[in-house]
Amino acid sequence: MGHNDSSPGAMRNGRRLSEQWGESAVVRPRTTERHITVHKRLALGFALAILTLIVVTAVAVALSVRSEDCGGGRDGAAAAAGDPGSRGSSRLNGSRGERAGEEEPWRSSRLPGSLRPRHYDLRLAVHMDNFTFAGWVSVELECVNATRFVVLHADRLEVDRVSVTAEGGGGGGRLANRPGGGAIRVNRHFHHPANQMYVVVLHRELKPTRVYRLNVSFAAAIEDELLGFFRSAYSQQRERRYLAVTQFSPTHARKAFPCFDEPVYKATFSLALRHDAQYTSLANMPVESSSPPDEDGWLTNRFARTPRMSTYYLAWAVCNFTYRETQSDDGVTIRLYARPDAIASGAGDYALHITKRLLGFYQDYFKVQYSLPKLDLLAVPKHPYAAMENWGLSVFVEQKILLDAEVASSSYQMEVTMVVVHEICHQWFGDLVTPVWWEDVWLKEGFAHFFEYVGTDFLFPKWNMEKQRFLTDVLHEVMQLDGLNSSHPISQEVEEAADIDRVFDWIAYKKGAALIRMLANVMGQTLFQKGLNDYLLSHMYSNAARDDLWSKLSQAMRSEGRDIDIGKMMDRWTLQMGYPVVTISKNQSEQLPTHYITVSQEHFLYGPELRRNHSLQWQIPLTVAVGNASSVRAESLIWINNHTETHRVGQMDDATWLLGNINQTGYFRVNYDLQNWKLLIQQLHNNPQIITVGNRAGLIDDAFNLARAGYLPQGVPLQLIGYLPEEPSFLPWHSASRALYQLDKLLDRTDEYSLFSDYVLKQVASRYHQMGWPTNMPGGEGNVLQASYQTEELQRELIMLACSFGNKQCHRQAVAYISDWISSNKNRIPPNIRDIVYCTGVSLMDEDVWEFIWMKFHSTDAVSEKKILLEALTCSDNSFLLSRLLNLSLTSDLVPEQDVIDVIIHVGRNPQGRNLAWKYFREKWEVLNARYGEALFMSSKLIGGVTEFLNTDRELNELKEFIQSSGVGAGPALPRALEIVEGNVRWHRLHRRQFYQWLRKPLSPKLG
């Protein structure tokens, strides 16, 4: 139910505002004109001069007084209309000695800094029957610079009463009758919607170092959207129930209460929530006291005072949820709240169990204790992000935290694990130490993303995440984005509020994580941990910038006699966009042995015509190994500072190959001369184990991307993956699978597509048949025979490749599984491959199978199963069914709101649905943008997902027309989409012919 502006509350607020402005109007008596007697015998010229001077002076005085009158008693309606910048207020400021730049500080996009909040006392009454809330906040303020304005944030709030008082005797939280205490007259107060600010104009100036208290009463709607204080619904025993929860990051606390909504304005918070007693309320801190229900059946929960924290980490929820509980080894109470049926089924037990272990892990790693007495994990049906790390009350969308062990695949378990690991890390990097401003958001998101892999390795050492999956899922993925000309530095200037959402992208998360990993490897584990410990201890309960981190890490290095200026090194990586491609070649002539290599660096970009800027250089920690058919010599570290350098690495001959960026710890690509590529490919074909598994995966990714960008002939990566039938490890297969998937979407609508698919199937066939399919344990419904994680993932990867590219045996097996499920109504499909089987079955079988999957999607309660069933529906070859799914997803509540974007994206990935999804996206853009536009991360995901595989001239022109006609901002997503589609079209024009020519030729040892 939407908030009605004509509600009694709104009308009441309007009256009170008018009354208050009326009371604050001050009427001053006019200055009386002077009567001057002039002696008749004075000269006429002298008399005229004196008279002129007097008249001018009198007019000036009269105008000045009149101006002040207008400023003090201005009509409330005009102020409320958002026109506070009157001449009257400016002259008032001037008359009080305000500096010129501070006359209208609300017109700046940033808060003026004259006042700092110390403590908020916030009380809310939450009406779940009509989805509204009323609030009162009292903010204790410290005056930094003299000012007559209180400027803070408020958005979509109906402000009722405002008052300001001076704290007697310099503060202490209580008004006193000592000198300096008491009320300060408010001339007027008004919204300034352009900057989402609220302005209180005072009759007199606030004095530096003094403490004041701002009191505001307000009301608002609990919105049916995903930001601020919003509502969500779920079904419990066929009854529709509602909950309300907050999402304040990055700039949405101002939708729930007036506040200083910038990260640097940390304060403590005391919160009281009043609501119907049938609901439970949660907040960052434990309940300190609770009143018994009154005659209306309402109670009030008062929560303990928080530590100093930023507004966007404040959180609360009102719900009917139940919970499971455990305790950490040092007494922190950990609870997981969710729908009662999810709690009863044990779906939250896994996340609760690993959270207990993770608190201990992080405390031991960072050598800093968790700061709060409790940690709640809240699983909600609807949320704009996977999760939000509110201090002491982390909120997760159900799909990222609830796990049904009977039906969840290992990949789903890994996803849940990593989301939980990420959010718990934020309790230190983010909650405890918060970036000063959004330009350094990677300081928290990069660390949390890096520790997803480190923390998961702690929980499951055999998964080997940091050394393996990090490469394919973080490093390789973000380097594709960061190789675009539309990329940006990881630390980017953020001035306008509209820019803040834009920094929450994969550059901040994944590039941040990759740079932190590179730095950790340069420093070594012990010094890296020491530096992080010093950083956290120095800035706990406060804010920090990147230079603060560099300083602590440099100090840690110097403590061991290693004089590396971390700041100087890392500024190149954080303040410049993109990354280098490092080219290594032997200094060799006339086939004589040599000890030297030449290393050059340049900015890697996918578009050859874009490579004009040669000024970008990086300080590169390059590790190099030298090897031959039987052995590899120990790696050496070389620092590359210039465009081209020569270095000694040891003796080399014709049969010696070079390998750079060992284990892919550096954030750059490596290229070689064609002879060295030939030697590396021979090595992989003859004895791949000589090269580490991480570097085998890295060679595959570098080769495909260098070829796509035009640095290498198209045949090099195809010849390289010819060794895959002999590859026993998951990671290189996963790297190849990702690269082949990109090519598949470029080629899947071309006439010669079968040349490509046949080549892929040839590489896959022998290993696929060797690994086979997983089997269920006897008598155990849905239990997968547990092989090692790596083996299980390799088996899954091979089945996915075989079924996706058309292996007949794979298709028959998938159809048999689906048929058995339909006939027996028992799902015997192993959980780890259900998504592959469902998708393959839907694509190959008739409409009845689609209807069967649609029915199962609605009937299952397991969130992991719902997700893959919904994705399977997008695999159909039937355009009517795909259109029906698209329309149902957006126009009904049959598809959860946060899943609509995934439906559109997955239909677009289906070659039969690409045009449908692209057309649907353009036709429904206004609806989609209205629903998701403010959550820019979701909007960017939608734009990127729908457009990334468009690759014809017609589609490129349609995209250009859409951008021009829609006039949408959508942050950097549209320029990036345009560059990607232009690159797809360019690849077809420049490379497709050469690519297919290579596939037609018999295999040859020659490259090209």
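Glycine is treated like the rest: Cβ placed from N, Cα and C.
Residues annotated as active site, proton acceptor in TrEMBL: Glu423. Under the heading Zn(2+) binding site, TrEMBL lists His422, His426, Glu445. According to TrEMBL, the compositional bias 'Low complexity' annotation covers 76-95. The compositional bias 'Basic and acidic residues' annotation in TrEMBL covers 96-107. Taken from TrEMBL, the feature domain 'Aminopeptidase N-like N-terminal' covers 117-313. For 350-573, the entry in TrEMBL reads domain 'Peptidase M1 membrane alanine aminopeptidase'. The feature domain 'ERAP1-like C-terminal' is assigned by TrEMBL to 657-979. The annotation region 'Disordered' is assigned in TrEMBL to 1-30, 70-112. The site 'Transition state stabilizer' annotation in TrEMBL covers Tyr509. The transmembrane segment annotation in TrEMBL covers 42-65.
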Rounded Cα-Cα span from Tyr509 (site 'Transition state stabilizer') to His426 (Zn(2+) binding site), Å: 13
His426 (Zn(2+) binding site): tally of other CB atoms within 10 A of its CB: 22
Any further residue of that chain within 8 Å (Cβ to the Cβ centroid of His422, His426, Glu445) of the recorded Zn(2+) site: Glu389, Glu423, Cys425, Phe429, Gly430, Lys444, Phe447, Ala448, His449, Phe451, Glu452, Tyr509
In the chain carrying Glu445 (Zn(2+) binding site), residues 6 or more apart in sequence that have Cβ under 8 angstroms from it: Phe504, Ala508, Tyr509, Gly512
For the domain 'Aminopeptidase N-like N-terminal' (117-313), mean pLDDT (0 to 100): 93
Residues near His422 (Zn(2+) binding site) in space but at least six apart in sequence (CB under 8 A): Ala387, Glu389, Ala448, His449, Phe451, Glu452
CB within-chain contacts under 8 A for Glu423 (active site, proton acceptor), separation at least 6: Ala387, Met388, Glu389, Ser394, Phe396, Ala448
Number of other Cβ atoms within 10 Å of the Cβ of Tyr509 (site 'Transition state stabilizer') across all protein chains: 23
